[in-house]
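Scroll down for the structure; my scribbles are underneath it.
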Amino acid sequence: MEEDEVTIREQNFYSQVRECIICFLLFAILYIVSYFIIKRYKRKGDEQEDEDATVNRVSLFLCTFTLAVSGGAVLLLPFSIISNEILLCFPKSYYIQWLNGSLIHGLWNLVSLFSNLCLFVLMPFAFFFLESEGFAGLKKGIKARILETIIMLILLALLIFGIVWVASALIDNSSASMESLYDLWDCYLPYLYSCISLMGCLLLLLCTPVGLSRMFTVMGQLLVKPTILEDIDEQMYIISLQEEALQRKLNGGNYTADYSRKKIEHDLLNARSMKSKLERRKNASAWQRNLVYPAVMILLLIATFSSVILVSLNILRLLVDETAMPKGSKGSGFGDASLFTFGFAGATLEIILIFYLMVSSVVGFYSLRFFSSFTPRKDDTTMTKVIGNCLSILVLSSALPVMSRTLGITRFDLLGDFGRFNWLGNFYIVVAYNLMFAVMTTLCLVRKFTSAVREELLKAIGLDRLQLSNKSSDSPSPNGHQKSL
């Protein structure tokens with residue numbers, strides 16, 4: 001009997017060690033990838049040799065950690081889905097014993113914990129630490145900046161928890177909620193994270209439909225269009241004229257204080273870079289020009305309409321079945337049953353659709369005018385913008401599993417703290433969310449594909465002159481018949 005207990009304890013110990021090693025390796029890979037991504041966009045001029053360099057290194061480490069957690073949140077649902085199918089295909093294989101329900105639940109809990117840590121502690125600390133200078137009267141240095149940052153974090157925490165306490169007291173009229181703060185960990189922190197999750201899902205609701213329509217323009221800029229859709233020779237001629245004009249202005253010293261020599265050199269480099277890209281597009285083969293572009297556009301159409309159809313079907317399920325609610329569904333255990341009719345193929349298609357929604361949400365986020373100034377630029381992004389971008393990506397990626405389950409894109413149950421949000425059990429919020437997503441996506445697609453027809457109709461009836469004031473802000477696309485959203 002004692003030997004059996006020792007054997008069980010040893011197995012549990014080895015299982016926990018194995019899970020820790022796997023989690024560490026996965027996070028190390030994500031951290032390395034995130035580091036190179038940030039270094040690609042971070043401004044090189046931010047690297048000083050004084051205390052500011054130390055502050056920048058600390059902020060860079062925290063931003064890299066946050067971006068790695070964001071990557072883990074994005075991969076969380078696809079990894080869980082594919083792991084469930086692998087366990088069903090090879091239930092007793094020796095080589096996949098490490099892949100079990102305990103590991104998956106541990107990953108969900110770790111991502112939830114680190115998301116909270118980055119959102120409420122690390123990112124505010126990085127921002128305040130970067131902007132701090134030390135209190136007046138104290139000796140300048142790293143210690144003074146750390147002291148100021150900690151005090152600012154304490155004041156921010158008091159402000160946020162005060163707002164959350166008032167909000168929860170207004171919603172719940174019981175005397176306990178208005179008189180006590182003892183249940184801070186059990187009540188107010190989950191309530192705060194639930195509000196942040198709802199805000200992230202609302203941000204995804206705003207960004208994803210815009211991104212789904214914007215993806216056609218983005219892919220059109222990356223791929224080589226057929227000759228009938230764009231005239232590369234004309235574009236190269238225009239770029240060559242711009243390059244010659246900038247070169248003459250630079251050589252002649254014809255620039256003012258507003259249009260300095262540095263800006264002329266920057267515009268000249270951009271013109272030459274655009275010219276080299278156009279030359280590569282011109283030298284593309286015939287199959288790239290006539291086959292790849294239509295195939296990609298068709299795939300985008302299929303993925304977009306598939307997401308709209310799945311959301312529409314989910315609305316019908318919500319109306320007739322209580323288990324369709326994201327918080328009310330209690331499926332079988334991990335690795336016990338498949339969630340797809342077509343097994344591995346269905347899981348693969350679902351994972352592709354989830355990644356497509358995430359990419360579309362990021363594209364839509366940077367396409368919105370309010371967030372367009374956040375767009376990172378290669379080797380020209382300040383550390384403050386890096387912090388803002390990492391925080392935005394964290395909010396979007398943390399809400400991705402919740403949005404995918406709420407819209408019915410996947411039937412995989414939310415694990416850990418992701419499935420404990422109160423608003424997931426509200427029928428009206430979930431149905432309204434699905435309806436708004438379907439309607440907004442349809443309207444964005446209709447606006448996208450009818451823009452050329454709408455412009456021609458306005459020209460035919462003479463109303464295009466009324467929009468002359470807006471044409472300077474809306475730059476046409478290279479093919480001349482599409483407008484960016």
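Each Cβ is built from the backbone N, Cα and C atoms, and glycine gets one as well.
Per Swiss-Prot, the feature topological domain 'Extracellular' maps to 1-18 (among others).
Taken from Swiss-Prot, the feature transmembrane segment covers 19-39 (among others), and the record attributes it to sequence analysis.
Feature annotation from Swiss-Prot assigns topological domain 'Cytoplasmic' to 40-61 (among others).
Annotation comment: Swiss-Prot describes 62-82 (among others) as transmembrane segment, evidence class sequence analysis.
For 83-109 (among others), the entry in Swiss-Prot reads topological domain 'Extracellular'.
Within the same chain, residues 23, 55-56, 58-59, 62-63, 65-66, 69, 72-73, 76, 145-146, 148-149, 152-153, 156-157, 160, 189, 193, 196, 383-384, 387, 390-391, 394-395, 398, 416-418 sit at least 6 positions outside the transmembrane segment (110-130) and bring their C-beta atoms closer than 8 Å to a C-beta of that stretch. Annotated transmembrane segment per Swiss-Prot: 110-130 (among others), in sequence order, evidence recorded as sequence analysis.
Sequence annotations record features per position, and here Swiss-Prot assigns topological domain 'Cytoplasmic' to 131-149 (among others). Per-class residue totals from DSSP over the topological domain 'Cytoplasmic' (131-149), listed helix then strand then coil: 9 helix, 0 strand, 10 coil.
Residues or ranges marked as transmembrane segment by Swiss-Prot on the basis of sequence analysis: 150-170 (among others).
Feature annotation from Swiss-Prot assigns topological domain 'Extracellular' to 171-191 (among others); the stated evidence is sequence analysis.
Counting only same-chain residues 6+ beyond the ends of the transmembrane segment (192-212), those with a CB under 8 A from a CB of the stretch are 116, 119, 160-161, 164, 167, 304, 307, 357, 359-365, 367-368, 395-396, 398-400, 402-403, 406, 417-418, 420-423, 433, 436-437, 440-441, 443-445, 485. As annotated by Swiss-Prot, transmembrane segment applies to 192-212 (among others), with the evidence given as sequence analysis.
Annotation source Swiss-Prot lists topological domain 'Cytoplasmic' at 213-290 (among others).
The list of residues near the coiled coil (261-284) in space but at least 6 beyond its ends in sequence, with Cβ under 8 angstroms from a Cβ of it, reads 224, 232-233, 235-236, 239-240, 242-243, 246-247, 249-250, 255. Per Swiss-Prot, the feature coiled coil maps to 261-284; the stated evidence is sequence analysis.
The transmembrane segment annotation in Swiss-Prot covers 291-311 (among others), and the record cites sequence analysis as its basis.
What Swiss-Prot lists as topological domain 'Extracellular' is 312-338 (among others).
Same-chain residues lying 6+ beyond the ends of the transmembrane segment (339-359) with a Cβ under 8 Å from its Cβ atoms: 74, 77-78, 81-82, 84-85, 88-89, 208, 211, 215, 303, 306-307, 310, 331, 396-397, 400, 403-404, 409-412. Residues or ranges marked as transmembrane segment by Swiss-Prot on the basis of sequence analysis: 339-359 (among others).
Swiss-Prot lists 360-382 (among others) with the feature topological domain 'Cytoplasmic'. For the topological domain 'Cytoplasmic' (360-382), residue counts in helix, strand and coil come to 11 helix, 1 strand, 11 coil, using DSSP.
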Which listed range (19-39, 62-82, 150-170, 291-311, 383-403) shows the maximal number of Cβ pairs under 8 Å with respect to the transmembrane segment (426-446)? 291-311
Test the contact criterion for the transmembrane segment (383-403) and the transmembrane segment (62-82): 3 or more CB pairs under 8 Å, pairs 6 or more apart in sequence, then answer yes or no. yes
May I ask for the residues of the chain that lie six or more residues beyond the transmembrane segment (19-39) and have a Cβ under 8 Å from a Cβ within it? 60, 63-65, 67-69, 71-72, 75, 98, 102-103, 106-107, 110, 386, 390
Per the Cβ under 8 Å criterion, with at least 6 residues separating them from its ends, the topological domain 'Cytoplasmic' (131-149) contacts 51, 54-55, 125, 384
